[in-house]
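These notes are about the structure you will find just below.
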Amino acid sequence: MASENNGSRSDSESITAPKADSTVVEPRKIALITGITGQDGSYLTEFLLGKGYEVHGLIRRSSNFNTQRINHIYIDPHNVNKALMKLHYADLTDASSLRRWIDVIKPDEVYNLAAQSHVAVSFEIPDYTADVVATGALRLLEAVRSHTIDSGRTVKYYQAGSSEMFGSTPPPQSETTPFHPRSPYAASKCAAHWYTVNYREAYGLFACNGILFNHESPRRGENFVTRKITRALGRIKVGLQTKLFLGNLQASRDWGFAGDYVEAMWLMLQQEKPDDYVVATEEGHTVEEFLDVSFGYLGLNWKDYVEIDQRYFRPAEVDNLQGDASKAKEVLGWKPQVGFEKLVKMMVDEDLELAKREKVLVDAGYMDAKQQP
């Protein structure tokens, strides 16, 4: 699916004949997204395409494509007039690939969403997490800076931060709240945050940090607790699973809808001056509350199915994250549209339908459900 498009910017700009009133249509803005195949990347791509952008995504080469979240908007690049999303091979661990594609694509905006983003996994692979999340951001910032110097162009940069950076700092957490990271992932995100601030202050780069609190959707990875719950719930409802094993049910998070949060990313890069913003719903809910709403929605009692497994507790727990997004609301004019219960039910609906399709395959003998508890 990835394309090697080495054309200049003029090749990818919209070329529209003047209308009768001689008004010339402005060229399309071009965005470059790392992590385009992830939850946030897919929603941001949809959002930017809706704004008339041409979107380029950087994807890693692997043994199989992980593009299911963007397949519905992919158009073969040979269809030049309609293919406004293009994919290219690159990696945040490879500085030369980042610089090469920025020079080729000539983006107006760069959104760095790629990461090893699982907190628990970061304890297992801390070196890799730091290389991708922290040093990867530094490589991309340097590629953008070098490109702007050589080309004389202005490129706006968005860095995806995380509420995990606050760690054990008491809520509510705002842009002025001190960081106290409690995992290799969170520490790496702190480094990326300060690299972004440094490049803004030292080189005048238009660079923003979005400190996003937990944001979920039906596209959330199945190894994250919210999606793990709704995925298991769907399978339990149709008889494919009997147990769900979880860790700390009292952990409280500020959960929003990922589709809402990508608008805030874009709004940050439309301001006159770059700055950092917390993006959150300003509501806190525990994992147990998520279980109450999700299982209750399907008429089930979660206590009949959930068991606690110590392996899912982190070496250093983060108990309570709840954001103060007043700055984003005031400056950006942003506010969340999807509330907690609506979000949970949205995810349950999608995963129930997925489980029903899965059951058809299991009943037909095309899948084996025995690996589930």
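Cβ coordinates come from backbone N, Cα and C, glycine included.
Small disclaimer: the values here were computed from a predicted structure and weren't measured.
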Correct range for region 'Disordered' (source Swiss-Prot, candidates 1-21, 211-231): 1-21
Sequence-distant neighbours of Lys228 (substrate binding site) in its chain (C-beta under 8 A, six or more apart): Glu222, Leu244, Leu246
Ser162, Glu164, Asn214, Val225, Arg314, Glu317 screened against Lys189 (NADP(+) binding site), Cα within 10 Å - retained recorded positions: Ser162, Glu164
Listed in sequence order, residues with CB under 8 A of Ser162 (active site) and six or more positions away: Ser117, Tyr185, Ala186, Lys189, Ile211, Leu212
Site of maximum Cβ density within 10 Å, from binding-site residues Arg60, Lys189, Arg314: Lys189
Pairwise Cα distance for Leu113 (NADP(+) binding site)/Arg314 (substrate binding site) [Å, integer]: 24
